[in-house]
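Trainee: I am attaching a structure below and will ask some questions about it afterwards.
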Amino acid sequence: MSKMAEEKAAAVGGLGGAGAADAAQQQQLAAGEAAAARVRPVETLLRAAPLGLCVAAMTVMLRNQQSNEYGAVAYSDLGGFKYLVYANGLCAAYSLVSAFYTAVPRPATVSRSWLVFLLDQVFTYLILAAGAAAAELLYLAYNGDKEVTWSEACGVFGSFCRQARTSVAITFGTVLCFILLSLISSYRLFSAYEAPPSSALGSKGVEIAAYPR
């Protein structure tokens, strides 16, 4: 009988601990919601900023073409530049949607924080990859590659290279905005979780996983 009583007491204690943990998490979410209300206008503007940058970079690249006595070249002839246009278009759409999402007050939940965090990460890496690919193309256009006998092309198509360089520079400005947004969303997400107290580590009844050396 005493063993059954102990098991019941342990079960009740476990439920009480879980309830206390849930209450603490709800308090942290409420505090995070109050903080989010104060910074919501700033974050909304910050999320809208990449929209203008993406549209500018996309417009410059879409108009980028040149023809002379040596031939004709357009952005659509190069896969890296086409990827830059597509990535800027997608990021512009996400920037608009996320700005509206942030501007509308709504209760803070862990699931929403996870959603915004993951989307910020995806679009940050998307625009970063597009900028890096286009920058590599520009490097080859300006310097060539002697190992594969590629000659530089910007001496002949200077206007094309200058416009491409402008578009890539604007794209990296977008990258900086998305990195900052990723930091904000990651802070909001992980601040909702309470770290375990250090005094509980190694105490009686607590098992600590140890990895073999």
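Just so it is clear, glycine is given a Cβ too, placed from its N, Cα and C backbone atoms.
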Trainee: Sharing a topological domain in Swiss-Prot means sharing a membrane side, so do Tyr142 and Arg188 qualify?
Mentor: no
Trainee: In the same chain, which residue numbers or ranges, 6 or more beyond the ends of the transmembrane segment (42-62), come under 8 angstroms Cβ to Cβ?
Mentor: 36, 75, 81, 84-85, 88-89, 91-92, 95-96, 98-99, 102-103, 127, 163-164, 166-168, 170-171, 173-174, 177-178, 180-181, 184
Trainee: Tell me the residue counts in helix, strand and coil for the topological domain 'Extracellular' (63-83), as DSSP assigns them.
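Mentor: Once the DSSP states are binned, the topological domain 'Extracellular' (63-83) shows 8 helix, 8 strand, 5 coil.
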Trainee: Mean pLDDT, the topological domain 'Extracellular' (63-83)?
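Mentor: So the average pLDDT across the topological domain 'Extracellular' (63-83) works out to 88.
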Trainee: Could you give me three numbers for the topological domain 'Extracellular' (135-166), the DSSP helix, strand and coil residue counts?
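Mentor: Its residues fall into 21 helix, 2 strand, 9 coil.
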Trainee: Which sequence positions outside the topological domain 'Extracellular' (63-83), separated from its termini by at least 6 residues, show Cβ-Cβ distances below 8 Å to it?
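Mentor: Sequence-remote neighbours of the topological domain 'Extracellular' (63-83) are 129-130, 133-134, 136-137, 153, 156-157, 159-160, 163-164, 167.
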